[in-house]
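S.K.: If you scroll down you'll find the structure; I have some questions about it.
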Amino acid sequence: MKTIDASHGEGGGQVVRTACALAAMTGEGVRLVNMRAGRRPPGLAAQHLTAVRAVAALCDAEVAGLALGAREIVFLPGRIKPGEFRFDVGTAGSVTLVLQALLPAALCAPGPVRVTVTGGTDVRATPTVDYFQRVFLPLLARTGARASLRIVRRGYYPRGGGEVELTIEPCGRFAPLRLEQAGALELIEGFAYCANLPGHIAARMANAATARLAGLRVRIDTRVLGRTEAFGPGGAIVLAARTAHALLGALAVAERGVPAERLGELAADELRPEIESGATLDVHAADQLLVYLARAAGPSVFLARTLSLHVQTVCWLLEQFLPVRFRSSAQGALSRLEVMPA
Ligand SMILES: Nc1ncnc2c1ncn2[C@@H]1O[C@H](COP(=O)(O)OP(=O)(O)OP(=O)(O)O)[C@@H](O)[C@H]1O
């Protein structure tokens, strides 16, 4: 069993989620110490606890020390099994981060997995469900992984209560991604949504994003998503830029006191430098895809505006579990990362 100092690098929840996913995938037990040591409050919050429980249920793991606020756990995985699972974060903690923990292992199950997660669907500083569905999953599909997300109900702070259902097909080995250049910009799509707020909020977000990106001289196709049942007021906008070879995402989540127009502009201002830099993965997709690329059938490569601390930390963690090497270099103003599984 290995011991991982979960305060290394970025030192947040992602180290915990990824370490449990890797333990499940490799069958090797892990002791995680100093979990979220630098966060206030430190230790596991509801979202992290649910994520660990979800991976544990999927692989029949024994987990010692698992509790709210825990700073140390021991995770002893069993076999990954297919089937239907249901988890409830219990707060507005992000459902997609629970899926982030579960999905790498679920794709290694010997049969289909269907998982229902209840919690927050559009949470700041996390992938919103629309980013997950329209940016992350399509990128993951390029590795041959097949998973589809159904948004049953949206849920917002403080109650959460949103529900999503992820269906995952078994996947042999992941295909590598060779994202050497973005190529010409072809289309920008936008998806705006709001719940239990005046309907014009979503339209204003979408219109402001469109106006902000007009100078790029490309077709911009933004739309307001149909309303589903939702707990609490909230909303978000996701933008997805398609180039010949890349798909780049950006988002903004509604916040009390921030005008709808400003949210559309914030998302546009996130997306624009991704497009103009020539990146082939946006800064967030980069850290989210690494675990799959590290297990791919050959070397992968991508260009990112910057290798975030999340990326650097996940690379370090992957090296603790897998026979994989990483090589980073500068390509103009971009960072190029090669992922080389043994
Ligand atoms: N704007 C965004 N768009 C897409 N993904 C995002 C965005 N912001 C953050 N993420 C993703 O959300 C994840 C956040 O992980 P992180 O460990 O920081 O969160 P956490 O579990 O809430 O932990 P902590 O509270 O300890 O920081 C990362 O995978 C990151 O790429």
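Using N, Cα and C of the backbone, Cβ positions are placed for all residues, glycine too.
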S.K.: Which single residue out of GLN100, GLN133 does TrEMBL record at the ATP site shared with HIS284, ALA285, ALA286, ASP287, GLN288?
M.R.: GLN100
S.K.: Starting from the Cβ of HIS310 (active site, tele-AMP-histidine intermediate), draw a 10 Å sphere and report how many other Cβ atoms land inside it.
M.R.: 20
S.K.: Give me the DSSP three-state residue breakdown of the domain 'RNA 3'-terminal phosphate cyclase insert' (181-276), ordered helix, strand, coil.
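M.R.: The domain 'RNA 3'-terminal phosphate cyclase insert' (181-276) comes out at 34 helix, 36 strand, 26 coil.
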S.K.: When you measure from the Cβ of ALA285 (ATP binding site), which residues in the chain that are at least 6 apart have a Cβ under 8 Å away?
M.R.: VAL135, PHE136, LEU139, LEU248, GLY249
S.K.: Enumerate in sequence order the binding-site residues HIS284, ALA286, GLN288 whose Cβ-atom distance to ligand 1 is under 6 angstroms.
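M.R.: What lies within reach of ligand 1, judged by Cβ under 6 Å, is HIS284, GLN288.
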S.K.: What does the structure give for the C-alpha distance between GLN288 (ATP binding site) and HIS310 (active site, tele-AMP-histidine intermediate)? Integer Å is fine.
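M.R.: Between the alpha carbons of GLN288 (ATP binding site) and HIS310 (active site, tele-AMP-histidine intermediate) there are 9 Å.
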S.K.: Near the ATP site, what residues other than GLN100, HIS284, ALA285, ALA286, ASP287, GLN288 in the same chain have a C-beta no further than 8 Å from the centroid of the listed C-beta atoms?
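M.R.: Same chain, not in GLN100, HIS284, ALA285, ALA286, ASP287, GLN288, Cβ within 8 Å: PRO127, PHE136, LEU281, ASP282, VAL283, LEU289, LEU290, HIS310, VAL311.
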S.K.: Nearest to HIS310 (active site, tele-AMP-histidine intermediate) in three-dimensional space, by Cα, is which of the binding-site residues HIS284, ALA286, ASP287?
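M.R.: The answer is ASP287.
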